[in-house]
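Annotated in Swiss-Prot:
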DISULFID  Cys3-Cys24  disulfide bond
DISULFID  Cys9-Cys29  disulfide bond
DISULFID  Cys13-Cys31  disulfide bond
DISULFID  Cys19-Cys34  disulfide bond
SITE      Lys23  site 'Basic residue of the functional dyad'
SITE      Tyr32  site 'Aromatic residue of the functional dyad'
Amino acid sequence: IKCTLSKDCYSPCKKETGCPRAKCINRNCKCYGCS
């Protein structure tokens, strides 16, 4: 998932992985906080 800001990742991460938390690192979303 491409991103510029960490908040760009929140919806896609939740939608695709169910993970509630996300960070944008090197223009790529890192999803975490998954159960």
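Glycine is no exception: its Cβ is also placed from the backbone N, Cα and C atoms.
For the pair Lys23 (site 'Basic residue of the functional dyad') and Cys29 (disulfide bond), the C-alpha distance works out to 6 angstrom. For Cys9 (disulfide bond), the disulfide-bonded residues whose C-alpha atoms fall inside a 10 Å radius of its own C-alpha are Cys3, Cys24, Cys31, out of Cys3, Cys24, Cys31, Cys34. Between the CA atoms of Cys34 (disulfide bond) and Cys13 (disulfide bond) there is a gap of 10 Å, rounded to the nearest whole number. Separating the Cα atoms of Tyr32 (site 'Aromatic residue of the functional dyad') and Cys24 (disulfide bond) is a whole-number distance of 11 Å.
When the disulfide-bonded residues Cys13, Cys19, Cys29, Cys31 are screened for a Cα within 10 A of the Cα of Cys3 (disulfide bond), the ones that qualify are Cys29.
For the recorded site, Lys23 (site 'Basic residue of the functional dyad'), the DSSP three-state label reads strand. Candidate disulfide-bonded residues: Cys3, Cys9, Cys24. Fewest other C-beta atoms within 10 angstroms, Cys24. The DSSP secondary structure for Cys13 (disulfide bond) is helix.
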